[in-house]
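Visitor: Shown below is the structure under consideration.
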Amino acid sequence: MATMEELKLQIETLQSELCKLKATSAGGAREKIEKMSSEVVDSNPYSRLMALQRMGIVSEYERIRQKSVAVVGVGGVGSVTADMLTRCGIGKLILFDYDKVELANMNRLFFTPDQAGLSKVEAAAKTLNFINPDVKILTNNYNITTVESFDKFLNAIKTGGIEEGTPVDLVLSCVDNFEARMAINTACNELSLNWFESGVSENAVSGHIQFIRPGDTACFACAPPLVVAENIDEKTLKREGVCAASLPTTMGIVAGMLVQNTLKYLLNFGTVSDYLGYNALIDFFPKMSLKPNPTCDDRFCIDRQKDYAARPKEERVEEVPEEETPLHEENLYGIELVAEDDTQGSQPSTGTTHSISTGLKLAYEPPASTKHSETTSTTAVSDDVSLDELMAQMKSM
């Protein structure tokens with residue numbers, strides 16, 4: 001028979017499980033918040049996000065609630081991307097995936113073993129609603145590369161904005177195959193929607209993101225990979241018992257780069273990277289800009305290039321530099337400012353040289369040693385000088 005302490009422990013355990021079930025069934029562990037607040041209290045999930053506004057990074061952070069983002073592919077990168085956007089308080093999130101959660105996915109982030117067998121979009125939506133019930137999450141469990149599903153995908157991003165009937169603000173591609181990337185590329189070119197393409201290499205030690213503005217920058221078909229250019233069926237490249245490697249670290253970094261640039265684009269701060277790569281072996285982050293291909297195979301890309309060329313160009317106004325005037329007319333203490341690279345003025349000359357890094361200077365420089373021969377004048381005396389001549393020299397001294 002169980003003791004009183006054991007019964008109490010069982011009751012506490014059951015009560016804890018009941019609270020979790022209630023929170024899950026309600027869609028979240030807290031009540032919805034109508035308006036974001038910058039009040040610094042432990043119960044405010046937006047205080048640290050609103051601090052970006054107070055620090056002058058973002059002019060109006062709450063605008064993120066008026067943004068709608070579509071995430072295509074809820075795998076290693078896509079699930080973390082959706083998680084980050086949900087925690088940032090995005091207004092609307094539309095998820096696309098047709099796969100199921102497997103135990104083989106547990107080496108990556110976000111999903112848990114008890115979700116194995118569930119569709120990725122439903123499992124993700126359940127967790128994301130628990131994290132932030134303020135975000136409106138829509139799920140689409142189908143393969144966008146089929147003819148029937150492509151039309152549904154096209155309509156979903158065309159009418160999935162915050163206001164009914166308006167397009168989404170941004171499409172994020174987090175898929176793991178070229179066929180799906182080409183489908184997203186075609187849809188966004190047709191609708192003239194800006195989107196981000198992302199990916200991680202098969203050896204899991206490199207990745208990238210690419211911001212595609214139809215007509216302005218290169219689309220995915222402008223410089224396609226060999227598999228796409230040669231119309232090779234990706235399924236024929238797969239081998240039984242062989243799979244691509246994956247690291248949660250690389251996928252987390254790529255997802256972070258993707259969401260960071262998404263926030264910069266949606267909230268208009270910083271500079272959005274056209275292309276940002278990542279090499280984990282040497283911690284290298286290459287950046288570049290890609291121009292559209294005038295002979296691109298995608299006819300919608302050609303149309304968007306024509307539209308972009310027909311737009312009136314923005315006139316650049318050259319800023320006239322203002323003349324710098326001294327803040328104070330008088331310099332009572334004789335203070336002088338020198339440039340950081342002015343090593344001649346910042347370090348005393350003592351006759352000795354020290355190799356130090358740029359921007360550093362020595363706190364103490366030892367005085368140069370002086371030789372007695374330099375301060376006193378001596379007269380050379382040769383051995384063949386006579387005694388009379390030597391006496392004459394001594395008298396003249």
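Using N, Cα and C of the backbone, Cβ positions are placed for all residues, glycine too.
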Visitor: Looking at ATP binding as recorded in Swiss-Prot, which candidate out of N143, N155, N194, N203 goes with G76, D97, K120, N177?
Guide: N143
Visitor: According to Swiss-Prot, which stretch among 293-315, 362-384 corresponds to the feature region 'Disordered'?
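Guide: Swiss-Prot lists region 'Disordered' for residues 362-384.
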Visitor: Measuring CA to CA, name the entry from the recorded positions C222, C243, C301 that ends up nearest D97 (ATP binding site).
Guide: C243
Visitor: Among the binding-site residues listed here, C296, C301, whose Cβ has the fewest other Cβ atoms inside 10 Å?
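Guide: Selected from the binding-site residues C296, C301 on minimum Cβ neighbours within 10 Å: C296.
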Visitor: If you count Cβ atoms within 10 Å of each one, which of the binding-site residues C219, C222 comes out on top?
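Guide: Within the set of binding-site residues, the most crowded position is C219.
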Visitor: Using the alpha carbons only, what distance in Å do you get between C243 (active site, glycyl thioester intermediate) and N177 (ATP binding site) once rounded?
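Guide: So the alpha carbons of C243 (active site, glycyl thioester intermediate) and N177 (ATP binding site) sit roughly 13 Å from each other.
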